[in-house]
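Annotated S-adenosyl-L-methionine binding site per TrEMBL: W66, G92, A93, A94, D114, W148, in sequence order. Marked as compositional bias 'Acidic residues' by TrEMBL: 1-12. As annotated by TrEMBL, region 'Disordered' applies to 1-30.
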Amino acid sequence: MSDSASDFEDAPMDSMFQEPEGYFKPPPEPTSVVFERQPQWVADGSPKQITINLLGSHPLWGHHLWNAAKTFANYLDENKTIVRNKSVLELGAAGALPSLISACNGATKLVVTDYPDHDLIENIRKNVEANIPTRLQDGSAQVTGFKWGYDIGSISELSGSSEGTYDVLILCDLVFNHSEHTALLSSVEKLMAKPKAGISSGGEAYVFFTHHRPWLADKDMAFIERARDELGLEVTKVVEEYTGAMFDDDPGDERVRGTVHGYRLGYPSN
């Protein structure tokens, strides 16, 4: 994946791109991207543009606005009822575009998370403050660090639910990190609202991603398969859209690298 090394396969972060002792290279400057919402789906009074501030670089790839996030943002705009009057948790949010779109479309509670790195979390907070400042002020939006698979106590407390769970979980471009599938599945299982007989069919998770390394597509898909087989969730494919590849020079079939796949995970209806 371009600046994340196309042949990288779950290598420890500190093993990559070691510089000679005493070498100093100034980090790239932060950037920003303006996401243009599709006008036919934008309600009156809702912002037509969302500005996403991005770090200049980051070892966890939080310095890109990924195609999966943009595709899911459009999907949410077209299907507002997914988040309207719901509690929403985004995992691995990076620029947090889907969370911001969730707020625009009526999510009542929003918790935006990523790895607990100061720069990463502060950049997310900056995006929330820039686009939906009143939601931070009234406490209906929270930004915090969270490591998948670890104690969920603090995240549960933010949900506003007596069960400490969420109606909607968002996972955009996370499944390429194969070594973290078990931890990510554990967090999904614990934080997604459970069904209540006669009251609620339970929560749902939306998993959008691209096969950035086409030769490892089966390992990407293992996450979806494990959600079905191990967690007992019902899997529905909701999107397959060609957006163009994130990085032109990466190896592998460009059509595969340029296609976003979107899945809904939910509890069986019977």
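From the backbone N, Cα and C atoms, a Cβ is placed for every residue, glycine too.
For the S-adenosyl-L-methionine site, whose binding residues are given in the record as W66, G92, A93, A94, D114, W148, the maximum C-alpha distance rounds to 20 Å. When Cβ atoms from all protein chains are considered, those within 10 Å of W66 (S-adenosyl-L-methionine binding site) total 24, not counting its own.
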